[in-house]
Structures are given as C-alpha cells and as structure tokens.
Amino acid sequence: MKKMSLFQNMKSKLLPIAAVSVLTAGIFAGAELQQTEKASAKKQDKAEIRNVIVMIGDGMGTPYIRAYRSMKNNGDTPNNPKLTEFDRNLTGMMMTHPDDPDYNITDSAAAGTALATGVKTYNNAIGVDKNGKKVKSVLEEAKQQGKSTGLVATSEINHATPAAYGAHNESRKNMDQIANSYMDDKIKGKHKIDVLLGGGKSYFNRKDRNLTKEFKQAGYSYVTTKQALKKNKDQQVLGLFADGGLAKALDRDSKTPSLKDMTVSAIDRLNQNKKGFFLMVEGSQIDWAAHDNDTVGAMSEVKDFEQAYKAAIEFAKKDKHTLVIATADHTTGGFTIGANGEKNWHAEPILSAKKTPEFMAKKISEGKPVKDVLARYANLKVTSEEIKSVEAAAQADKSKGASKAIIKIFNTRSNSGWTSTDHTGEEVPVYAYGPGKEKFRGLINNTDQANIIFKILKTGK
C-alpha cells in the first residue's frame with residue numbers, strides 16, 4: 001500500500017471537518033431563518049389592524065372542505081395531502097343557533113345579523129333584534145370610524161347575508177326595501193357602502209324606482225360586466241352582473257366576474273383610504289347548490305370561494321395590517337363524505353363535470369338529446385339506465401326533473417350522502433389570518449365574531 005503524501009493526509013483530515021462546518025453553518029442559518037420568520041410573524045400579530053375582511057362561505061360546513069381537499073388530490077387520500085387554502089389558517093369552530101322561539105337552526109338572515117351585529121335574532125330578521133329594533137353592524141361602525149366599506153356576493157347583493165351588514169329590515173323577503181336602504185341610509189352624511197358588487201339588477205332597476213340612476217347621480221360608477229369592472233378605477237362603484245344571483249362558477253360566461261375578480265376589485269378601491277376599510281365577501285351559492293343536494297355545484301362554488309380567499313390572504317400578507325376571517329354562517333344539506341353503508345367517497349365523478357346539473361338540465365329542456373348533453377358536459381360513461389332516468393324525469397318535470405335526475409347520477413357515482421334540503425345545526429369552522437387572529441381560537445359563538453371586530457375597529461387591536 002502506498003504511503004499518503006503530506007497533502008493527501010491533511011486533505012483527508014480536513015474534509016470531514018469542512019463537512020461538519022458546512023452542516024453546522026447550515027443548521028445555524030436555518031435556525032436563524034426560523035427565528036426571523038417567527039419574529040416577523042410575532043411582529044405582524046402585534047401590528048395595528050387597519051383593515052378587516054370577513055369572508056362567508058354560505059352553508060360551507062366541514063364536509064365541504066374535506067370533499068374539496070380530496071378533489072385537490074385527484075380523489076386520492078395520501079398521508080400528506082395537498083391542503084386547501086383554508087386548512088392553513090384553521091383557528092376554531094363557531095356555534096350558529098338563532099334566538100327564535102320556533103327554530104333552533106338558523107337561516108342566513110339571523111346568522112348574518114349575528115355575525116354582523118353581535119346580536120342573535122329570529123330567522124328572517126335583517127339587522128334587527130328579536131323585538132324588531134335596529135342594531136348597529138360592524139360595517140356601520142367602520143364607516144363611522146372614517147373607513148371605506150364594501151359588500152361582495154355571488155347572490156343578489158341585497159340577499160340575506162350582505163343585507164345583514166348593510167341594512168335593517170324585519171324580513172329578508174323585503175328585497176326592494178333593502179336595495180332602497182343602500183341608497184337612502186347615510187352615516188355622517190355619506191352613503192355607508194362604497195363598493196357593492198354582486199347580482200340583483202332587477203331590484204335596482206324597477207318601475208317604481210331606478211336605483212342605478214340614483215347611484216350614478218350620487219357619484220358612483222355603475223358596471224355590469226367583468227371587463228367594465230376591471231377597466232373602472234373609481235373608489236365608489238355599484239356592480240350588478242345578473243338580474244338575480246350570478247350563474248354558478250362552473251357555468252359562468254366570460255362577461256361575468258368570478259368571486260376573486262370582485263374581491264380583488266373591491267380591495268383595490270377600498271385600500272385607497274388611509275384610515276382603512278371593512279369588506280364582507282360571500283360565496284353565496286355553496287348554500288344554493290346544497291339546498292339542491294348538488295355535489296357538483298357545491299364543489300364548484302367552494303373552489304370559487306377558495307380563489308377569492310387566497311387573493312385576500314395574499315393582500316393581507318403584503319399589507320401586514322389586515323385581518324382576514326373566513327367562516328360559514330351555517331352548514332346546509334347534511335352533506336356526508338360517504339353513504340349507503342360504504343366506507344368510500346369518490347371524487348372522480350365530480351371532477352369529471354364540465355357544467356353543473358342545472359346547466360345540463362336547461363339544455364335538455366331546450367330540446368337537446370339527453371345522451372348528447374351528458375356526453376358533452378359530464379365526461380362519464382353513462383349507462384342506458386341513467387339516460388332513461390333523466391329522460392323520464394325531464395318528461396315529468398322538464399328542467400327541474402332533469403336536474404334532480406342528473407344530480408342523483410353524480411351523488412350515486414361519488415357516494416355522496418345528503419340528509420336534508422335545508423340548513424343543519426352543527427358548528428362551522430373559522431379560519432383567521434393576520435394580526436388579531438388569535439382572538440378567534442377555540443369554540444366561539446357567531447356573535448363573538450362581531451363583538452371582536454367591533455373592538456378592533458375602535459382600537460386597532
């Protein structure tokens with residue numbers, strides 16, 4: 001065996017030392033980075049809160065998140081799954097019951113009022129207590145503090161949840177009156193809502209009153225398409241993109257903005273106020289799909305809501321003075337991951353849908369053959385029995401019958417369970433990000449959320 005040279009001998013001794021030094025340096029660098037990140041997060045937690053964004057997935061209980069997570073993983077359930085944007089900020093759970101002598105499960109009006117005002121009330125009530133007395137909302141408090149305010153929804157903008165933040169009425173059914181109040185009610189001589197984006201055009205362009213004209217005369221821009229919304233930069237805007245609610249996300253055309261489009265547009269406008277802003281964003285139609293027990297439609301809306309939520313979080317990360325709270329006002333439908341005594345849920349059929357059952361049913365009611373519609377929009381190998389079931393349902397009840405039959409195909413194929421066509425009473429998840437997020441930990445009441453926000457708006461903490 002050859003003797004090592006002096007240089008080789010030194011090299012053999014120094015290499016392990018160098019490796020240890022590099023490893024040690026890496027460990028210290030990693031530890032230092034972690035400490036820096038923790039310090040940055042701690043500093044953000046103590047930062048002044050200038051902006052509050054409340055995001056409500058109407059009807060979005062925990063099973064919807066579980067199903068959507070499975071879809072993000074292409075139907076698999078790996079040990080380390082891809083998380084939803086919500087999962088990263090799970091903070092606690094929230095009770096949703098109303099203060100109603102006849103019901104112990106809430107509707108969206110009572111739940112919205114509790115979330116907006118900190119006061120529980122009866123089902124159907126908008127911004128009033130159980131005796132019909134007006135109660136202040138967090139949006140109104142924000143405007144009183146000189147902040148800008150906004151409401152965004154995929155329902156009519158005067159529907160129950162947004163209305164609870166911006167109006168006061170003994171019944172959610174008085175939608176003309178609620179629309180009127182958006183124009184008529186003022187705080188310190190100013191309109192209390194600066195940005196209104198959603199559906200409901202028919203309630204603002206009426207024979208008895210043209211509210212769109214009044215908003216324009218008051219200095220608001222009025223837009224009706226995605227392109228006009230993006231082009232317009234005014235701080236006050238009324239955007240109405242459908243006569244009723246918007247089409248579901250899976251069915252929308254290029255002229256209709258997504259919930260993300262509307263959320264980003266609202267934030268861009270409201271953020272011009274140095275005093276800050278309050279914004280409520282609702283993914284309204286998770287609930288609507290759930291009332292129909294429509295898994296395809298519900299998942300389409302959860303995805304739309306997640307994209308809007310992600311945009312709000314991205315803004316908050318850069319701004320560092322924004323608190324984002326996402327939750328549901330209640331859950332709907334008794335949706336279950338698995339049914340019929342089988343320990344499986346299959347995301348693949350839901351992922352295969354290119355349009356909602358409602359959209360497909362409309363095409364069938366217009367005279368398109370069932371087989372052709374399902375082949376084009378369902379991307380499933382549909383059986384002859386399934387085709388016959390839709391044809392029979394369409395003959396009996398046209399569009400509604402066809403929609404129910406198509407929904408049944410997707411629910412059977414995915415093994416999705418539903419126990420109700422109405423709301424259910426279980427607690428809902430709360431997701432919080434930004435300074436003040438720790439205030440929403442654990443099990444809270446829906447009224448707690450409003451009371452915490454009231455304090456933040458008054459103190460910045």
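Glycine too: its Cβ is placed from the backbone N, Cα and C atoms.
Annotated Zn(2+) 1-binding residues in Swiss-Prot are Asp287, His291, and among His97, His423 the one listed with them is His423. Secondary structure at Thr161 (Mg(2+) binding site), taken from DSSP and collapsed to helix, strand or coil, is helix. In the three-state DSSP assignment, the secondary structure recorded for His291 (Zn(2+) 1 binding site) is helix. Sequence-distant neighbours of His291 (Zn(2+) 1 binding site) (same chain, 6+ residues apart, CB-CB distance under 8 A): Gly59, Thr332, Gly333, Thr421, Asp422. Every protein chain shown contributes to the tally, and the Cβ of Asp329 (Zn(2+) 2 binding site) ends up with 30 other Cβ atoms within 10 Å. Neighbours of Thr161 (Mg(2+) binding site), defined as other CB atoms within 10 A of its CB across all chains, total 26.
Taking Cβ-Cβ distances under 8 Å and a sequence gap of 6 or more within the same chain, the neighbours of Glu282 (Mg(2+) binding site) are Met55, Ile56, Gly57, Asp58, Val152, Ala153, Thr154, Ser155, Thr161, Pro162.
Taking Ser108, Asp287, His423 as the recorded positions under consideration, the smallest Cα distance to Asp329 (Zn(2+) 2 binding site) is found for Ser108.
His423 (Zn(2+) 1 binding site) and His330 (Zn(2+) 2 binding site) are 7 Å apart (CA-CA, integer value).
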